[in-house]
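What Swiss-Prot says about this protein:
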- 1-18: signal peptide (SIGNAL)
- 80-101: repeat '1' (REPEAT)
- 102-123: repeat '2' (REPEAT)
- 124-145: repeat '3' (REPEAT)
- 146-167: repeat '4' (REPEAT)
- 158-168: region 'LDL and other lipoprotein receptors binding' (REGION)
- 168-189: repeat '5' (REPEAT)
- 190-211: repeat '6' (REPEAT)
- 212-233: repeat '7' (REPEAT)
- 234-255: repeat '8' (REPEAT)
- 266-317: region 'Homooligomerization' (REGION)
- 278-290: region 'Specificity for association with VLDL' (REGION)
Amino acid sequence: MKVLWAALLVTFLAGCQAKVEQAVETEPEPELHQQAEWQSGQRWELALGRFWDYLRWVQTLSEQVQEELLSSQVTQELTALMDETMKELKAYKSELEEQLTPVAEETRARLSKELQAAQARLGADMEDVRGRLAQYRGEVQAMLGQSTEELRARLASHLRKLRKRLLRDADDLQKRLAVYQAGAREGAERGVSAIRERLGPLVEQGRVRAATVGSLAGQPLQERAQAWGERLRARMEEMGSRTRDRLDEVKEQVAEVRAKLEEQAQQIRLQAEAFQARLKSWFEPLVEDMQRQWAGLVEKVQAAMGTSAAPVPSDNH
């Protein structure tokens with residue numbers, strides 16, 4: 001009887017443990033606080049949103065996902081999305097560093113160090129996701145047609161853990177970027193603690209976004225792409241307007257230069273005409289006097305020649 005009760009107790013405890021594990025497996029995952037920003041934020045956030053959407057699709061482990069996992073297509077897609085995210089993040093960080101020039105050197109160095117650490121953690125999380133999927137591919141290929149149900153369950157568990165860590169580190173990176181951006185906007189020499197005190201509204205805004213992320217998570221990718229296209233179109237129109245304004249300024253400058261050159265040319269012509277008139281007034285009397293002297297000399301020569309040409313009277317008549 002004791003043995004029977006012990007067996008029943010073990011069976012009951014095993015059933016409870018299985019229910020607990022099933023509840024843990026089916027527990028919904030928290031969404032990223034700043035996912036709303038991925039839909040309407042910076043370019044690196046949009047790239048991270050695409051990585052997030054693709055990872056969520058992989059996590060479904062549908063038949064199509066399992067087929068593509070056996071090839072290198074999934075890891076190639078993740079690699080491209082990772083590279084795009086880190087590239088856009090690096091460009092955004094460089095842009096903020098240029099704006100942070102007026103801030104004290106010590107503050108800027110501390111902010112940059114914290115931001116680099118958060119950026120490295122996010123990159124490591126994405127690299128772990130890719131590495132785990134590559135490991136799963138190798139394990140499945142090594143099974144040689146055997147059941148891979150246990151491998152899929154283990155992969156799903158790892159992906160949930162990695163996804164939660166990715167959420168946490170991406171949220172931390174966004175907060176640190178907000179600190180960095182606030183320092184660039186502030187442009188004053190103050191410590192990191194003083195800047196963080198001014199970020200209370202941003203933290204509260206993140207909580208509000210976390211409360212509304214459930215409704216935003218279901219927004220179709222097409223709508224987000226259209227919104228991104230509209231922002232890009234608006235930016236292109238703004239750049240075109242600036243270019244036209246710059247061309248108008250250049251045209252005005254060219255017109256001013258042409259007017260100045262024409263004015264200077266007119267002044268040079270007037271000066272040349274005045275100088276020519278002055279020379280004429282100087283030399284004209286001399287020329288007239290030389291002409292009179294020459295005419296008188298010619299008359300004298302002609303008179304002298306006429307006298308010498310007259311006939312001499314003869315003595316024989």
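Each Cβ is built from the backbone N, Cα and C atoms, and glycine gets one as well.
Because the structure is a prediction, the values reported are computed rather than measured.
When DSSP labels each residue, the repeat '3' (124-145) comes out as 20 helix, 0 strand, 2 coil, counted as helix, strand and coil in that order. The region 'LDL and other lipoprotein receptors binding' (158-168) scores a mean pLDDT of 89 in the predicted structure. Sequence-distant contacts of the region 'Specificity for association with VLDL' (278-290), counting only residues of its own chain at least 6 positions beyond either end whose CB sits under 8 Å from a CB of the stretch, are absent. According to DSSP, the secondary structure content of the region 'Homooligomerization' (266-317) in residues is 43 helix, 0 strand, 9 coil.
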